[in-house]
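Q: Before anything else, here's the structure in question.
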Amino acid sequence: MSSVAVLTQETFNAHRSGLLPEQTAVAGPSAGEDEDALPTYKEAFPPLPEKAAQPDGTQETSSAWTSKIRPLKSSIITQVFHVPLEERKYKDINQFGEGDQAKVCVDIMHKTGAHLELSLAKDQGLSIMVSGKLDAVMKARKEIVSRLQTQASASVAIPKEHHRFVIGKSGEKLQELELKTATKIQIPRPDDPSNHIKISGTKEGLEKAKHEILLISAEQDKRAVERVNIEKVYHPFITGAYNKLVGEMMQETGARINVPPQSVNKTEIVITGEKEQVALAVAMIKKIYEDKKKNTTTIAVEVKKSQHKYVIGPKGNTLQEILDRTGVSVEIPPSDSSSETVILRGEPDRLGQALTEVYAKANSYTVSSVSAPSWLHRFIIGKKGQNLAKITQQMPKVHIEFTEGEDKITLEGPTKDVQMVQSQIEAIVTDLVNRMDYAEISVDPKFHRHLIGKGGVNINRIKEVHKVTVRIPPDNEKSNLIRIEGDPQGVQEAKKELLELASRMENERTKDLIIEQRFHRAIIGQKGEKIKEVRDKFPEVIINFPDPAQKSDIVQLRGPRTEVEKCSKFMQKMVAEMVENSYSVSVPIFKQFHRNIIGKGGSNIKKIREETNTKIDLPAENSNSEMIVITGKKANCEAAKSRILAIQKELANITEVDVSIPSKLHNSLIGSKGRLVRSIMEECGGVHIHFPTEGSGIDKVTIRGPAEEVEKAKQQLLALAEEKQTKSHTVELHAKPEYHKFLIGKGGGNIRKVRDSTGARIIFPTPEDKDQELITVVGTEEAVREAQKELQELIKSLDNIVEDNMSVDPKYHRYFVARRGQVLRDLADEYGGVMVSFPRTGSQSEKVTLKGAKECVEAAKKRMQEIVEDLDAQVIMECVIPQKFHRSIMGPKGSRIQQITRDHSVQIKFPEREDPQEAPIQNGEADGEVKEPVDPNAPKKCDVIIISGRKERCEGAMEALKALVPVTIEVEVPFELHRYIIGQKGSGIRKMMDEFEVNIQVPAPEQQSDKIAITGLASHLNRAKEGLLERVKELQAEQEDRVSLTWLNRGFNNYFKLTITVDPKYHPKIIGRKGAIITNIRTEHDVDLRFPQSGAADPNLVTVTGRPELVDEAIDHLLNLEEEYMADVVENEAKMAYMRPSGSSAAAVDEQRGPSKGFVVREAPWATANEKAPDMSSSEDFPSFGAPVATKASPWGPKRF
């Protein structure tokens, strides 16, 4: 073993720093001794082992580097399999690596985890290289053979009794054989008389498998099986005690002898092995049998049935022991037999000894019992059997049995041990009976879970307080009895308390309150706050709400009768108030006036909400709904409604007219699902028609909207009412949904002509209606008949399909078929499903075919000509907007651009995004090509938006695009208010951004900036700024109120705030661990102390708030603390000056020490070769990586690479 220099921390420091002056003085005379103490070079740096053998044959010295590392074998193996051309399954493939063969290979790789590589040999055979773990390679080989190679089949006949040896244990041998030969082997079932084994696979595999199977069979032919029938009673003599005799026979003969166990009623002994071995074993067995049959006799004795198990012993050991000692076999009757006769079989002179042993064993164990009340059993056993374990550890041979419901404990074991255990248990029972008692009370099972309490809180409290155990029967037992066990006094007290609880529960009442489910959430409140207040008010009442999924209105109250009644009245009052406050009314307001109702920064709507004490919900801006929903008390809702309507009336020429129409006609005027009244509202410019609630008996119908449209709607309503009163007639027609738009016409022109000429009203289905083909005609019988006739003619003409052609310049074809044919789809929707076919791309044909109803085709043709004219007059304009605004201009999912495209009938194309990582090349060469200098004033390509269409439309679209460019303004907001503006999890700032449709950017806390940036459309910025400043005012007012309220609550009408300067390094000291010191100051002086936040403009300022005299005292306390800490710092610095030398003195010591010797070793290579030590600054001795170095002889020995 090589020696290695071991340095302690002290000696290492000495080497690094040089010897101390005192040590140098002492070391002078004994320099030789110190030199001997130095480690040698070989000890400090053990040499690496040489690769070559020692020339003189001497054994190489062991060192730290010479331990041989055992080479690791790679777990990955590679095998190559060859499939000849004639055996390839997939020969006819067009291209190698494609088709089913490739799919099979991929599947094999997935299944087995092996890697496959295929190649074609010159003879068109297939070479497959398989790499992977051994198991994976073998599985892959089997798959390759079965799936890529044509299969042959053969059969081999071997004796039926040899089949099981081919299969092996659990089929392992068969699986191994199949993997080894890459074949599929089918062995006939045991009930099949055939002895032929079928093999399928490659020719090579078939031969291998046949050979292996025949080998197994040949091996089994050499073996013999012999069965000898020996009477069961003589089997113990053949096996011998503990199977010794049969083991010796097997060892001597080499045959395998199988004797059935005593529990199996078989007489046949099976011997297997080589024929000679089997013959020898059979002879030996028969000899023993004949000898014992001749020389043995039997005696029968009576032994109690309960003692039989002691004669048998654990796992029959006692019987084997008797057989071993005496040579006598003891036969015990089976356990299910009532016989007590035990038969001893053996040589006469040994029977006496065996009989003595049988009786000794039978009487060595005894059974006893101890009287103990069954309820004490678990106390005797102890927690987790602790008490019983102490006894059984001392007397492990004693078996203690507790029978449930019986007042006794059974003991079984050696007589002496049983007696000792019995005395111990009797002592325990006596002690428990003296100091413990039990009681049973009867309580209705329905109250059991209430006695237990939530999570067992009630019953656990009773157990802990009274030191008892309480057994409450489980629900499935349906028992009334509750058992209490423990200290007599504790049992009585627990019994009393449980009976009182039960009595109180019997006085309990359960009441069901009917409360509409829509109010349940409001009663519970956010995070259960409101219901918690109710439960705190009535702590003895349990309130259960139904599961929301049950859609139930029943709320269950349970508790003392009087408390339940009080709680019931309180909750009914709550519900009554909610019902009163949940009155709801919907007010139709034209969409364009919603913003005016909201007001700047929501001022109008906020004012109405506060003054009327109502909740007002407006529809989302992107919603088509015009209804504003007002919720609250009825009178308040009506007041809010009138104020909202007044705002609308001021803004526009909106009038409201009441028309008296008999209430019995209202349903017929509204029509099915409101279809009839909706058609009137749409026709009359979107007026609002309000009918009274059904069944109210009120005749007044309100019409609201622009004056002209209201008058028009009024006339139509009255005309319809008159028709309904005289004789109203209704007819239903059916037409394909795609014809509806054409029948209605652009702006409803077609249908208006029919209505004006006939006087009938025609109603088309809405998207919500199930029957999309149904058209309803309403009016007088004559008017309906005429309208029906005209419509039927129109529908008939639409069913008359014609085909027509028109010429369209090929350069415009792309416009019609672009965007997946969107223009053609729009034409089909608008003109009754007309089909337009363009010639194939690339052909220069101008012919375009239109197919559909004649009128539809003509109308579509006319529209296409208009589009072509627009395209002829098309111009392309460039709109320069910085790329950073493009996403904002597009809007969510491009909605804003789509709207501008529709409004101005233009096409808008945005440029590709510029890659920020691509460096621009200016006045340089790219790919050897000199580029022209770029004009600095020219707009970037990525900023140019292309607009194409008619000139005037393009100009309008450009203005619309520029109006969407967001603008940023900055608003001054005090930094300390930023977190309140952001709100919890950003809710506050998100609400403002949604309300004003802008983006609000709050600076990061570390910037300590008062500037908040608002970005959005110019039209939205002023409202957002005003809203933000309004919020700032609210927050500042809240802060002042909060401070005032704090001191008012503490009884001070006047409070004082003072700021002092304290060095920040003392702040942690003043605050103390977990705020202990500052809490003490606040409590002692009754003031509020605030330290500056991290990153504050002035970190020295500490604010003290409170009564003037208390503030002064607190400030004195703080300044005293600061002085104490400063004094401590000065004192510590003075101490440190004495504890360590100054810089100058340290330098002086270093000078005295002299230069450091570094790490010194003896017998170094440079010393023996009379050379100097290697120079660390030399590039020759210590070359840099990659630098060329001239080779030279070195004392370090030859270089090894």
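Backbone N, Cα and C define each Cβ position, glycine as well.
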Q: Select from 217-244, 245-272, 777-804, 1029-1056 the stretch of residues annotated by TrEMBL as coiled coil.
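A: When 217-244, 245-272, 777-804, 1029-1056 are checked in TrEMBL, coiled coil belongs to 777-804.
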Q: Quick check on the annotations: TrEMBL lists region 'Disordered' for one of 443-475, 509-541, 674-706, 1169-1201. Which range is it?
A: 1169-1201
Q: Could you tell me what the rest of the chain brings near the coiled coil (777-804), counting residues at least six beyond its ends with Cβ under 8 Å?
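A: Answer is 671, 676, 720, 723, 726-733, 735-736, 739, 742-743, 750, 754-755, 757-763, 832, 849-858, 861.
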Q: Could you put numbers on the helix, strand and coil content of the domain 'K Homology' (653-722), residue by residue per DSSP?
A: 36 helix, 17 strand, 17 coil
Q: How do the residues of the domain 'K Homology' (800-869) split into helix, strand and coil according to DSSP?
A: 37 helix, 17 strand, 16 coil
Q: Mean pLDDT, the coiled coil (777-804)?
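A: When the pLDDT values over the coiled coil (777-804) are averaged, the result is 77.
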